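As given in TrEMBL:
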- Arg49, 94-98, Tyr106, 148-152, Thr175, Ser181, Tyr278, Lys293: substrate binding site (BINDING)
- Tyr106: site 'Important for catalysis' (SITE)
- Asp176: site 'Important for catalysis' (SITE)
- Tyr278: site 'Important for catalysis' (SITE)
Amino acid sequence: MSVSEIFNPSRWREVQGFDFTDITYHRAIDENGADIGAVRIAFDRPEVRNAFRPHTVDELYRALDHARQTSDVGAVLLTGNGPSPKDGGWAFCSGGDQRIRGRSGYQYASGETAESVDPARAGRLHILEVQRLIRTMPKIVIAVVPGWAAGGGHSLHVVCDMTVASREHAKFKQTDADVGSYDAGYGSAYLAKMVGQKKAREIFFLGRTYSAQDMADMGAVNEVVDHADLEEAALQMAREILGKSPNAQRMLKFAFNLVDDGLMGQQVFAGEATRLGYMTDEAVEGRDSFLQKRDPDWTPFPWYY
């Protein structure tokens, strides 16, 4: 199967140096084949509605962290390939693969069933580490939702900076209480900030299914577009992001996050502010005076007000 039915190969090149099996990783290119500062990371298990297993999450974290450390990348499109070869269904991500969920978390397995679980390896819940990475990486992460965003997949869309969704196929459902799970962090608390306490409680307590337009009306989806245009619309959103100041975009993201992320959010914001400070002549004077063993000359630098 191709990457995805709505994937345009003329817009992307595969990022080299990885041997991923559960995700795909591409870099955006222009009409001349030159790199654009956007990447596309996609779940690639459409036959199981792009449910994740520990191996999937390992790969997802590696790709996201690679994007985080790539200095000419400013936007990340997170999506799901499809449709399913079994029934033609579409999914962004349907959360954790319940077939290999154990008492200690999701377990590494050589196959697709509980019988293939590796008993020597501890269960994992490191999709939460992916959530924190999305939240703290200095890049704008866009959830591109072509179908189901359910359970842990719903929480991933919530934690992304923006969401664009398919008018025809996107469906949103929080399944945690149906399977004896709960996202007591970003997936619930941040959702409540986004759509309001009453609506967030409805989404979790009742586990209803919502359309892309329903979620847009609540304020949880930025754009609803025709399915065939979904990836182009997301890439256009990335282009608009990349057309603005990298420093400003980074600081804006962390400023939005700061109010909800407590001391961790403060540390991230302050760290980025320190980096901006290092770029000034004033900071260079402080460093150079120390290295040159002389008193610093602060007279050229005003006390701004």
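Glycine too: its Cβ is placed from the backbone N, Cα and C atoms.
Around Arg49 (substrate binding site), a 10 Å sphere centred on its CB holds 25 further CB atoms from the protein chains shown. Counting every protein chain shown, 20 other Cβ atoms lie within 10 Å of the Cβ of Thr175 (substrate binding site). Fewest other C-beta atoms within 10 Å: among the binding-site residues Gly95, Gly151, that description fits Gly151. Taking only the Cα positions, the spacing between Ala149 (substrate binding site) and Asp176 (site 'Important for catalysis') is 12 angstrom.
When the Cα atoms are compared, Gly95 (substrate binding site) and Asp176 (site 'Important for catalysis') turn out to be 9 Å apart.
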